[in-house]
Amino acid sequence: MNPYILAILLFGLSLGTTITFASSHWLLAWMGLEMNTLAIIPLMAQHHHPRAIEATTKYFLTQAAAAATLLFASVTNAWLTGQWEIQQITHPLPSTMITLALALKIGLAPLHAWLPEVLQGLDLTTGLILSTWQKLAPFALILQIQPSNSALLTILGLTSTLIGGWGGLNQTQLRKILAYSSIAHLGWMILVLQYSPSLTLLTLLTYFVMTFSTFLVFKLNKSTSINALATSWTKAPALTALAPLILLSLGGLPPLTGFMPKWLILQELTKQGLAPTATLAALSALLSLYFYLRLSYAMSLTISPNNLTGKTPWRFPSTQLTYPLAVSTAMTICLLPLTPAISALLTP
């Protein structure tokens, strides 16, 4: 892609998110979300592959449906209350519609079916943008409206954690596994949103760091399936030794960074008297942990010759920058001891 066009599209992405962040009016927020969607469409379709075009079409139709629902709900709210302010959602009908529209935008279960299919059709770089940056603007709106329907949020959160774990069990494609991982992590964030927004923000940032590391590892190895991971030892031995730590951090095992948000969320849910919800969420994390262990096994505990049909690729020198990967990997593995300091910073 022409670098000037790429710069314009990336600028459109950042501008759309910034407009949504800065807006207090529903029309401006909707406009920012639309700019965001339209800026990423050419990035998704840039390879002119039928699978990429299919993924782009699915994404566009889904986002258009979510944006139309959001606009309709905000107009309904203005009709019922006379307010266009984002934080003035007082009527339960527009509040529920807006929550469901934003859930569709970020891929919360049971409105998640588009996310694995879309992510599977993209290259790893665009998939990384879709899994991280594209979730910022809808999350900013969810945090601002603070939906009053706590039962809806709990149902969305628990369904997402369960489906995110269950759906990834029988997958062999890495991008689909990362999509289900995204759904599960979003479920944890939504569960604690109504009780501690700062903890939701901490979970979102931690998820971004861990996902960034995971995508960069797969991009460096040029791996898109589990079988391709089996040949990682020959290309990057040191990184392959660290990769299971990144994956287990995504799974939430101590003493890695990913344990921090899960630990704090379970603590907060228990404080709120929601012990059954916390128990279900903790059990659903075991489902996710299983497929992270599968990836770890395929990547670092199998060597050629092995029972995985992995074909040894040519070892071309990588052109990818390694500094971002090094920094994000260190953060993914080593931030757990800083939990008290991070919690103190995020506490209002």
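One is the number of the first residue shown, and numbering goes on along the chain from there.
Backbone N, Cα and C atoms are what each Cβ position is placed from, and that goes for glycine too.
If you check TrEMBL, you get these features:
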| type | residues | note |
| --- | --- | --- |
| DOMAIN | 23-286 | domain 'NADH:quinone oxidoreductase/Mrp antiporter transmembrane' |
| DOMAIN | 289-342 | domain 'NADH dehydrogenase subunit 2 C-terminal' |
| TRANSMEM | 60-80 | transmembrane segment |
| TRANSMEM | 92-115 | transmembrane segment |
| TRANSMEM | 151-170 | transmembrane segment |
| TRANSMEM | 177-195 | transmembrane segment |
| TRANSMEM | 201-221 | transmembrane segment |
| TRANSMEM | 233-253 | transmembrane segment |
| TRANSMEM | 273-293 | transmembrane segment |
| TRANSMEM | 321-346 | transmembrane segment |
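Sequence-distant neighbours of the transmembrane segment (233-253) (same chain, 6+ residues past either end, Cβ-Cβ under 8 Å): 181, 210-211, 213-214, 217, 220-221, 259, 261-262, 285, 288-289, 292-293, 295-296, 299-300, 303-304, 312-313, 315, 325, 329, 332-333. Each of 60-80, 92-115, 201-221, 273-293, 321-346 was scored by its Cβ pairs under 8 Å to the transmembrane segment (151-170), and the highest score goes to 273-293. Averaged over the domain 'NADH dehydrogenase subunit 2 C-terminal' (289-342), the predicted model reaches a pLDDT of 79. Ranked by number of Cβ pairs under 8 Å to the transmembrane segment (321-346), the listed stretches 177-195, 201-221, 273-293 are led by 201-221.
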